[in-house]
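> For reference, the structure I am asking about is given below.
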């Protein structure tokens, strides 16, 4: 909507400005592959492959580096620098890529997912799940 020439072409473009220690938390785009180019600074980026491997693909990117996040896979971006901002441009292969932030969906659902079920799924004590659900 902000770049009219992209309308109906099936792509999206976004500028990402990261404060020092800034994070885009683990998330997915269910309808798009994402390609990220670092313009300024350094980013730690990665994604997790599908079941059954669940392998982390991780890379440290500097200005000029490019990384691709496959459609639907959990991924993240993080600025590890405590003193400098980072800037990146992200292109997505859909006009409507969707955004699912994992923690928001798991711990912030309405109604809440049963804490006992989450404790069993994450193999942790139920009090941790109760705490996390209160944070969202």
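From the backbone N, Cα and C atoms, a Cβ is placed for every residue, glycine too.
Quick paste of what TrEMBL says about this protein:
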DOMAIN    2-130  domain 'Cupin type-1'
BINDING   27, 29, 34, 75  Mn(2+) binding site
BINDING   29, 34  oxalate binding site
> Going by a 10 angstroms cut-off between Cβ atoms, which of the binding-site residues 27, 29 has the sparsest surroundings?
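Looking at the binding-site residues 27, 29, the Cβ with the fewest others within 10 Å is that of 27.
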> Return the residues near residue 75 (Mn(2+) binding site), defined as same-chain residues 6+ apart in sequence whose C-beta is under 8 angstroms from its C-beta, sorted by sequence, else 'none'.
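Those within reach of residue 75 (Mn(2+) binding site), by Cβ under 8 Å and sequence separation of 6 or more, are 26, 27, 28, 34, 45, 46, 47, 48, 69.
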> In this predicted model, what is the average pLDDT of the domain 'Cupin type-1' (2-130)?
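Mean pLDDT, the domain 'Cupin type-1' (2-130): 94.
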> For the domain 'Cupin type-1' (2-130), DSSP counts of helix, strand and coil?
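With helix first, then strand, then coil, the domain 'Cupin type-1' (2-130) has 22 helix, 51 strand, 56 coil.
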> State the count of C-beta atoms found within 10 angstroms of the C-beta of residue 34 (Mn(2+) binding site), not counting that atom itself.
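If we count other Cβ atoms within 10 Å of residue 34 (Mn(2+) binding site), we arrive at 23.
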> Beyond the listed site residues 27, 29, 34, 75, identify every same-chain residue whose Cβ lies within 8 Å of the center of their Cβ atoms for the Mn(2+) site.
28, 32, 47, 69, 73, 74, 97, 99
